[in-house]
Amino acid sequence: MMMDEFMDLRPVKYTEHKTVIRKYTKKSSMERKTSVRDSARLVRVSMTDRDATDSSSDEEEFLFPRRRVKRLINEIRVEPSSSSTGDVSASPTKDRKRINVDSTVQKPSVSGQNQKKYRGVRQRPWGKWAAEIRDPEQRRRIWLGTFATAEEAAIVYDNAAIKLRGPDALTNFTVQPEPEPVQEQEQEPESNMSVSISESMDDSQHLSSPTSVLNYQTYVSEEPIDSLIKPVKQEFLEPEQEPISWHLGEGNTNTNDDSFPLDITFLDNYFNESLPDISIFDQPMSPIQPTENDFFNDLMLFDSNAEEYYSSEIKEIGSSFNDLDDSLISDLLLV
């Protein structure tokens, strides 16, 4: 009696252990029309152990050991096989777990699988695109960053590759060289000297006589020559000298006479008198015959040998006059 009361005062530890066993069966033609839940069967076997112990040494630890109670449950689930019903999963609990697991993992988008792969670009599990490049000098990878699209990451990789490896580096996109700015050449103003030289050359080709300098035109046109020649002002022209006319008469004056009022008029009659005709040239001259006692014979004027003498003298006189004329002309040119 005392022993039973003592056993009831001990602390009790209650645990439950459950074991599930699945069995699959093929459904008959009659049972295929029913649903999966109606065709599933459950067999449960339970047993309670009031004096259960984990090990043989549990009773020696304490003076008053605790009481251990175990409940053992065995379940046998009989379900139709998935091949006969065409269902993907037969267990509803297992389907719930699969749905929860699939929802946590993000599957890559279909568009991302078909995208082009770029050099130095890779996709992160959460969908971003990372770019990195290897530095050959430092022998390490350089992180370039993450981007929303693969194209942005590829462009950043291309720029870094050109900086590290030069313009001949392998890139994802063909980089077109920038066109060099064309410098506009400033037109230098033509010097006045060149213009004046060209004008002087043109003038030298079209020079005319001094009488036509005032009427010279520097341009050529299709108009007639008469229209191009403009009248010259009279102040630049020299006044024409009227010819001097002599009014010979007996002292009669006219209104158009240019003579002065104090001119002597008695000379008019003198100039009006006609000279007598000389008749000596009309008569033939008789030859002069020398005589013995003639004085001019001694002068050798009529000697035959005198011709050579006088011709030599005349030549010497002519040469002296020529020298005189040449010296006078040179002196005049120097002045």
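Cβ atoms are placed via backbone N, Cα and C, with glycine included.
Record features (Swiss-Prot):
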- 117-174: DNA-binding region (DNA_BIND)
- 80-92: compositional bias 'Polar residues' (COMPBIAS)
- 101-115: compositional bias 'Polar residues' (COMPBIAS)
- 78-121: region 'Disordered' (REGION)
- 175-209: region 'Disordered' (REGION)
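Computed over the DNA-binding region (117-174), the whole-number mean pLDDT of the model equals 88.
Summarised by DSSP class, the composition of the DNA-binding region (117-174) is 16 helix, 18 strand, 24 coil.
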